[in-house]
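Let me begin by presenting the structure, written as structure tokens, before commenting on it.
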Amino acid sequence: MAQQEVVEGFKFEQRHGKERVRVARVWKTRQGQHFIVEWRVGITLFSDCVNSYLRDDNSDIVATDTMKNTVYAKAKECSDILSAEEFAILLAKHFVSFYQKVTGAIVNIVEKPWERVTVDGQPHEHGFKLGSEKHTTEAIVQKSGSLQLTSGIEGLSVLKTTQSGFVNFIRDKYTALPDTRERMVATEVTALWRYSYESLYSLPQKPLYFTEKYQEVKKVLADTFFGPPKGGVYSPSVQNTLYLMAKATLNRFPDIAYVSLKLPNLHFIPVNISNQDGPIVKFEDDVYLPTDEPHGSIQASLSRLWSKL
């Protein structure tokens, strides 16, 4: 998105913004139920302010403190509950429409996973606890109204105690890992998916559409990893499982054009301990040493043939 310019005989690109703007917004219904979101917002603006770099002329700059204030002002204006995606688009649209010199904006948001608590089997009106995985989004908006919207998950920790193996890989003089058709598999999923909407005018109008989609994608990813509740599904490698998770996402959601997954292979090492008198701990698929350093790193992306990505 950045426009390259030639200044004083050099190629020059620039952008500026504000990072780690933390905002929480509470909505209260007439029935007494409260809703809360907590977001960490990052803003990047592309604008015609080259004079601020070349000379003492700041007249074209949107101050980063102004960007910060705008986050709180726009949060205040949102009288209805909205998704992180909707707020990111709202902010980006504001910056490109409100400021003549701004040609494009990137707004990224990480949502802290506050979840409503249940007390005595009933959802609490205003009580929340912190969950684990985080909802992320990035909206890229240009003055023309073009849009690129990406959502994601960070820190989705999943584990299977069986139904995983790894055999017939390349062996050489450096290989010590034995073949196995029975192992534990664990990972912390980082997922990104890009929607096919290419303009501000083509977005779904259903309230909280993207929040629902986030929950649905998370379920598809987890269900594909685990398999059916009775018996599960065998994983011959993290690579194969990753591909099946990405494919299931594209097959399930026609308005998603691209999926990227990163699945670190978090190891559970079988424990065998012996001394001169014999075994102290004999491994029988029961006692493990959990470790995430070092760990395998498996990542891939999948997109539709017509996708521009």
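Placed from the backbone N, Cα and C atoms, the Cβ positions cover glycine too.
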One of Asn51, Asn265, Asn272, Asn275 listed by Swiss-Prot as binding urate at the site of Thr64, Asp65, Phe166, Arg183, Val238, Gln239: Asn265
Rounded distance in angstrom between the Cα atoms of Gln239 (urate binding site) and His267 (active site, charge relay system): 15
Nearest of the recorded positions (Lys18, Arg183, Asn265, His267) to Thr64 (active site, charge relay system), judged by Cα-Cα distance: Lys18
From Asp65, Phe166, Asn265, His267, the recorded positions whose CA lies within 10 Å of that of Lys18 (active site, charge relay system): Asp65
Alpha-carbon distance [His267 (active site, charge relay system); Val238 (urate binding site)] in Å: 12
Phe166 (urate binding site) versus His267 (active site, charge relay system) - Cα distance in angstrom: 13
Largest CA-to-CA spread of urate binders Thr64, Asp65, Phe166, Arg183, Val238, Gln239, Asn265, angstrom: 52
